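Accompanying notes for the structure given below.
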Amino acid sequence: MQEEERQQARSNPFLAQALEKEKIEGHRLAIIARTVALGLVGLLLPFLNFSPSVLYYEATLLLFIALGWLQLRMASVGYSKAELLLIFADVGLLTLLFTTPNPFFSQDIPTAFMYRFDNFIYFFMFLALGTLAYSYRTVWAMGTWVALLWLIGLGGVSWLGQTIPGLSEAAAIAFEGHPLIREEMDPNSIQAGVRVQEILVFLIVAGILALKGWRSNQLVMRQANIAAERANLSRYFPSSLVDVLAATDRDIGAVRTQEVAVLFTDIVGFTQFAEQHTPEEVMDLLRHYHAFVERSIFQNGGTLDKYLGDGVMATFGTPETKPGDAANALKAAMQLIEETESFNKELETRGITPISVSIGVHFGPVILGDIGPSRRLEFAVVGDTVNVASRLEASTRELGCRCVVSEELIRQAARSEGKDHPEKAFSARDPIKLRGRQNSINVWTV
């Protein structure tokens, strides 16, 4: 992988997993296909050369099958010298096999005559198998290696190969006056033009396959980034809403105003609890507390806006509003109370002091959208409604209750067309004055 891809893989675990999975699965598939393909070639060879000398080629096929499984054993994501060496051994042995005579062949033939067997086509088979297992860079490297080795082999045959002059003389006599046919039929001719054509076409095919591999790699990276984005969304939104957000073309981060329900919850006396318990017990408490808070919010269609130490802020109606947002916020508040009671029973069995939670909920207009610099964008919900909800949560201490909600929230919840009416569990209280606000606000408690 290039440095940019390595950095993305380090920062995106989904990309690292996708690349590793793609590599291992592709390599396993390639080796199985390679074994089957070489097995079929092994069955074909006796029909092409029915003589004991064919055993030489059958033995080399077994060697190539063994090399393939060794490559699978050495497979790894990223740069691997051992893996590249085995790939080079593949194409190097193929070149040697196709440019040197079979030592067990009974007839004495010119070395150049080996080219007449058209064995170069098998390089295409190995290249195609390589596209299943290797990156586009390695595929292109295979193309250049084959081109270079085939040129070297051509030079070796030209300068060092065995020739039988009598065959060239016989071809010259037989095809006198036909120089083109004579050149084609001369057993000592390396047919340089044909060899160059093989190299050029192979490089073109390797380039096309490498380009296809690059496109596939980009697709894997895009899919991994989408998976990472969905994972980030799932931290704040229920899974059903994540699917909707992933499919929408709307800019979720665009700044806008809409009416939502805002919920704040907090552990009462958390500072004292932290003072009297070990850090491990404090963190264990927070993990369990945050877990059932998240569950209460998500199961009622809410959005987890942010964690505030031992507190949590949630919204109902972001990023998209729904008719039952107010009622859902009340349901979440009631579920929080029930979940806390259940959790306290667990704490008592472990000899830990039970906890109390405070909840405040308000309904009204908010401003939402992306805030912060471009390198540190954050989706935020701000406005007077948020401030009121926070103050309502703090007022539970003075009112001696677990949950305080605004009358506006109760009114909106009562308009819900659902069968459940969670507002009936709340009772009206005298108006209260909230810190930082001039006017009193009507509240309901439970």
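Cβ atoms are placed via backbone N, Cα and C, with glycine included.
Here TrEMBL flags 29-48 (among others) as transmembrane segment.
According to TrEMBL, the transmembrane segment annotation covers 54-72 (among others).
Look at TrEMBL and you will find 84-100 (among others) tagged as transmembrane segment.
Counting residues 6+ beyond its ends, the transmembrane segment (120-136) has Cβ neighbours under 8 Å at 1, 23, 26-27, 29-31, 33-34, 37, 41, 71, 75, 87, 90-91, 94, 98, 142-143, 146, 150, 198, 202, 205-206, 209-214, 216-217 in the same chain. As annotated by TrEMBL, transmembrane segment applies to 120-136 (among others).
Annotation comment: TrEMBL describes 143-161 (among others) as transmembrane segment.
According to TrEMBL, the domain 'Guanylate cyclase' annotation covers 261-393.
Listed stretches 29-48, 84-100, 143-161 were compared with the transmembrane segment (54-72); the greatest number of C-beta pairs under 8 angstroms is found for 29-48. Residues 54, 57-58, 61, 64-65, 68-69, 71-72, 122, 125, 129-130, 132-133 of the same chain lie 6+ residues outside the transmembrane segment (29-48) yet bring a C-beta within less than 8 angstroms of a C-beta in it.
Nonlocal intrachain contacts for the transmembrane segment (143-161), taken as residues 6+ away from its ends with a CB within less than 8 angstroms of a stretch CB, comprise 87-88, 91-92, 95-96, 98-99, 110-112, 114-115, 120, 123, 127, 190, 192, 195, 198-199, 202-203, 205-207, 210. Confidence in the domain 'Guanylate cyclase' (261-393), given as mean pLDDT, stands at 89.
Secondary structure of the domain 'Guanylate cyclase' (261-393), assigned with DSSP and counted as helix (H, G, I), strand (E, B) and coil, comes to 65 helix, 41 strand, 27 coil.
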